[in-house]
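Per Swiss-Prot, the feature Mn(2+) binding site maps to Asp283, His285, His417. Annotated compositional bias 'Basic and acidic residues' per Swiss-Prot: 124-136, in sequence order. The compositional bias 'Acidic residues' annotation in Swiss-Prot covers 137-149. For 504-631, the entry in Swiss-Prot reads domain 'Ricin B-type lectin'. What Swiss-Prot lists as region 'Disordered' is 106-155. Residues or ranges marked as region 'Catalytic subdomain A' in Swiss-Prot: 190-299. Annotation source Swiss-Prot lists region 'Catalytic subdomain B' at 358-420. According to Swiss-Prot, the feature topological domain 'Cytoplasmic' maps to 1-11. As annotated by Swiss-Prot, topological domain 'Lumenal' applies to 35-639. What Swiss-Prot lists as transmembrane segment is 12-34, and the listing cites sequence analysis.
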Amino acid sequence: MLLRKRYRHRPCRLQFLLLLLMLGCVLMMVAMLHPPHHTLHQTVTAQASKHSPEARYRLDFGESQDWVLEAEDEGEEYSPLEGLPPFISLREDQLLVAVALPQARRNQSQGRRGGSYRLIKQPRRQDKEAPKRDWGADEDGEVSEEEELTPFSLDPRGLQEALSARIPLQRALPEVRHPLCLQQHPQDSLPTASVILCFHDEAWSTLLRTVHSILDTVPRAFLKEIILVDDLSQQGQLKSALSEYVARLEGVKLLRSNKRLGAIRARMLGATRATGDVLVFMDAHCECHPGWLEPLLSRIAGDRSRVVSPVIDVIDWKTFQYYPSKDLQRGVLDWKLDFHWEPLPEHVRKALQSPISPIRSPVVPGEVVAMDRHYFQNTGAYDSLMSLRGGENLELSFKAWLCGGSVEILPCSRVGHIYQNQDSHSPLDQEATLRNRVRIAETWLGSFKETFYKHSPEAFSLSKAEKPDCMERLQLQRRLGCRTFHWFLANVYPELYPSEPRPSFSGKLHNTGLGLCADCQAEGDILGCPMVLAPCSDSRQQQYLQHTSRKEIHFGSPQHLCFAVRQEQVILQNCTEEGLAIHQQHWDFQENGMIVHILSGKCMEAVVQENNKDLYLRPCDGKARQQWRFDQINAVDER
């Protein structure tokens, strides 16, 4: 009986052992599939370091920034974060809304999280590095040269956004630097840089292409951080999706403003959060060459009062093709306070020690500019009362030159910039730019502001309607011991010094017969541009002309170009003060509306050929297409 009972219980024991064995296997599988959090984080971080494009840089940014603080309800206004002091005139409620939080503060931040915020966990990095692609590649998913030329619809900023979205976020630009630049080796002890990108409803592709271009071209030893400042964008893709994308990028921070600041004050917001030695303000639609940052840092390290800029190349807003600047140029201005590029004068070119020597520039371009962070703050930063954007580069340049600093363009630093379609600029932007120019004139030009108002009647009218309050900036000038604008004209840009009275006629040049206006529609270098007729537009600087007391017709911007004649076609050439060429640039504007070329005795006529409406010299016969009129300019002598 006992033996029979033993055999009866043996199958039960075997079943129990098998059950324990199966349970153990299940627990082992669960442990393998779901490791502890710290083990998983170490594994993912190791894989990301192995495969990420940034792994080749010399130093690490430190602990990765895994969290982005963001509003739970994107429709609500953001609230400021605590512990962040205000800067100049920006109130705290205008400042912060989202920052990348270091991993070391993650638990503390989670404990303080309020009901209106949430923490977004950093997604896993991709295991494979995104390949860099060249122009015109024909692989699947890439854009060939023929496809780049295919027309796409424009977005509100005049950008081919659909085409841009098809171009890789990481692509190699053609090498356009001077061979001597490639022989330069940066110092190991350069200052660090904070690159600040401000955007408002920027295209997703151009924004991130700018970010990746910086990360791919700058050694980590020199890049402290990239700070993205969202100036109240409304596009949904630039909200949570951007926060989550930025959380994957080491060294990239995201700030959000709860009010529309404009590019000028948004840059100031980014500057308050920057920790690098040097501030680099860059538009959010740029692409950088390798080695673009090191020359900027090196020049600032040699003199902390230098304001420096790279050579700005052109990325076509229609095709996204890259067009490098061929000749050395400097940034200048005219009496309407318009910025433009000018080929280096012969005496400046001869003074350069080499083709890669720094270029003294009267004005720095606004697209990319770098300066010492403490110098920027101690000299008053940007003018916080300027609206939106426009003219901030002039104010920065005048302040540098007149208050003990200098402005340079560095040929070995190259950055491509998308110059968006001018016609896409809103009337609000144009009004803000005009208002900013009035502030600059009242603050920095002194008695020469009268010359500005003579060249810009609309600015004169605005200054009479609303007198700007410039007391704070004038006090800043006295505190810094700044020089007068006369010193700038005598020592920095003597070519600008006014040498003649107000032009006899100015404004748009209307053709009576066709109802159109004289225009130059060339892109890029406009030297030799044939003059044509186009629909009249108050916003096109290319239609602003001046008939001077020397019988010249000056192109509005840049003003060093004049109407000339080549094979009886009216074109733009450099204004000439001596020699035979000057006679090709003399025009008599008669009371009957005809414009007579004095040397030939012929009249300027609008000639229609197929789809073109060009300007040619023809025998004077008084026909409607030879009748012209300039805009009427209100007198400003009573000021």
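Sequential numbering from 1, following the chain as shown.
Note that Cβ sites are derived from N, Cα and C of the backbone, with glycine treated the same way.
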Exercise. Out of His285, His417, give me whichever of these binding-site residues has the highest number of other Cβ atoms within 10 Å.
Key: His285
Quiz item: Within 10 Å of the Cβ of Asp283 (Mn(2+) binding site), how many other Cβ atoms are there?
Solution: 23
Practice problem: Count up the helix, strand and coil residues in the region 'Catalytic subdomain A' (190-299) according to DSSP, in that order. | Solution: 43 helix, 29 strand, 38 coil
Quiz prompt | CB-centroid shell, 8 A cutoff, Mn(2+) site Asp283, His285, His417, site residues removed | solution = Thr206, Thr210, Met282, Ala284, Cys286, Ile315, Glu367, Val368, Ile418, Tyr419
Quiz item: How many of the residues that make up the domain 'Ricin B-type lectin' (504-631) does DSSP mark as helix, as strand and as coil?
Solution: 12 helix, 55 strand, 61 coil
Self-check item: Tally of residues which DSSP labels helix, strand or coil - the region 'Catalytic subdomain B' (358-420)
Solution: 17 helix, 21 strand, 25 coil
